[in-house]
Amino acid sequence: MSKKPVRVAVTGAAGQIGYALLFRIASGEMLGKDQPVILQLLEIPDEKAQKALKGVMMELEDCAFPLLAGMEAHGDAMTAFKDTDYALLVGARPRGPGMERKDLLSANAAIFTAQGKALDKVASRNVKVLVVGNPANTNAYIAMKSAPSLPRKNFTAMLRLDHNRALSQVAAKTGKPVAAIKKLTVWGNHSPTMYADYRFATIDGQPVKDMINDQEWNKNTFLPTVGKRGAAIIEARGLSSAASAANAAIDHMRDWALGSNGEWVTMGIPSDGQYGIPKDVMFGFPVTTQNGEYKLVEGLEIDAFSQERINLTLKELQEEQAGVAHLL
Ligand SMILES: NC(=O)C1=CN([C@@H]2O[C@H](COP(=O)(O)OP(=O)(O)OC[C@H]3O[C@@H](n4cnc5c(N)ncnc54)[C@H](O)[C@@H]3O)[C@@H](O)[C@H]2O)C=CC1
Ligand SMILES: O=C([O-])CC(=O)C(=O)O
């Protein structure tokens, strides 16, 4: 018997990430090739944006995706999020050259207060929320705090693009395929302070740390390359990453919904105090996922260098949080 359709809300649906994301959700790459979806698409209530959204919907229609069970255009979060099972909060201003993601806080924070409140009122009580719009961790924190009747664990921020970037850099350095790399993670904020960590990673059971054995490369090449990759894309393309961001959103939601088969993945999740990260800070952590739930990988050793990096990214997140306290 075919499965009951699930509702997937996507904001910023006519933007560049939206264009790289929707077709893959509708084709079953996110929730499985047997899972029908109803897309509830939100754009700003502006004639041009709504018209562009209609155009994207015409293209979705023209794909004749068997799993696309319905599709709606919205200009209001209160209708877009009605009964939604999944919410991908992409819609927000992107940065341009010379900006840091946190420079977007003043422009974007209000979006996530309003959308958190709307989710609180109308979404499924089990809604899985992924915040992509930057600064993603703090926006996810704002949305979570604005939705007090929903479980905190339902709110997550996207660190998966950083995780995937780190995988590719380690694959290039070791000459091994990305798929062979296990137990890699990225701690902290989706910003240049993030700490991509291959100390626990293995390839075919062998420790990556020993294969690389080059702390100078780790500190001066690997970490800056992964941490500043977003800016490098903006510099090269004149626009921020879109297809790779959409791909990471698909990976994040797919693993959350369908499980990671015991593998580590990185998700930005609200801390419960583990690793000395204060409760509620939306922090990138290693997790495994199963049966629609994520579970933090606990008990990892944090050496002095790692602690210093974790402290730095935590400090930045706490400053961002303090900067939005007046909205909550
Ligand atoms: N977390 C991550 O790893 C990444 C995050 N991003 C962020 O994702 C966001 C979107 O990026 P793009 O798609 O490239 O931007 P874009 O400018 O192409 O599209 C954003 C869309 O969101 C819409 N929008 C703005 N406010 C909205 C609201 N309140 N409700 C619904 N829709 C709204 C806009 O009308 C626009 O169509 C940016 O903040 C960007 O910095 C981008 C790449 C990676
Ligand atoms: O860098 C940006 O502004 C877009 C983004 O978050 C990324 O590519 O990681």
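Note: Cβ is positioned from N, Cα and C throughout, glycine not excepted.
Between the candidates Arg101, Arg125, TrEMBL assigns the substrate site shared with Arg95, Asn134, Arg165 to Arg101. Within Asn108, Asn154, the residue that TrEMBL lists together with Gly12, Ala13, Ala14, Gly15, Gln16, Ile17, Gly18, Gln115, Val132, Gly133, Asn134 for binding NAD(+) is Asn108. With a cut-off of under 6 Å between the Cβ and any atom of ligand 2, the binding-site residues Gly12, Ala14, Gln16 reduce to an empty set.
With a cut-off of 6 Å between Cβ and the nearest atom of ligand 1, the binding-site residues Gly12, Ala14, Gln115, Arg165 reduce to Gly12, Ala14. Annotation for the binding-site residues Gln16, Gln115, Asn134: lowest Cβ count within 10 Å of the residue's own Cβ, Gln16.
Cα separation, Gly18 (NAD(+) binding site) to Arg101 (substrate binding site), rounded: 19 Å.
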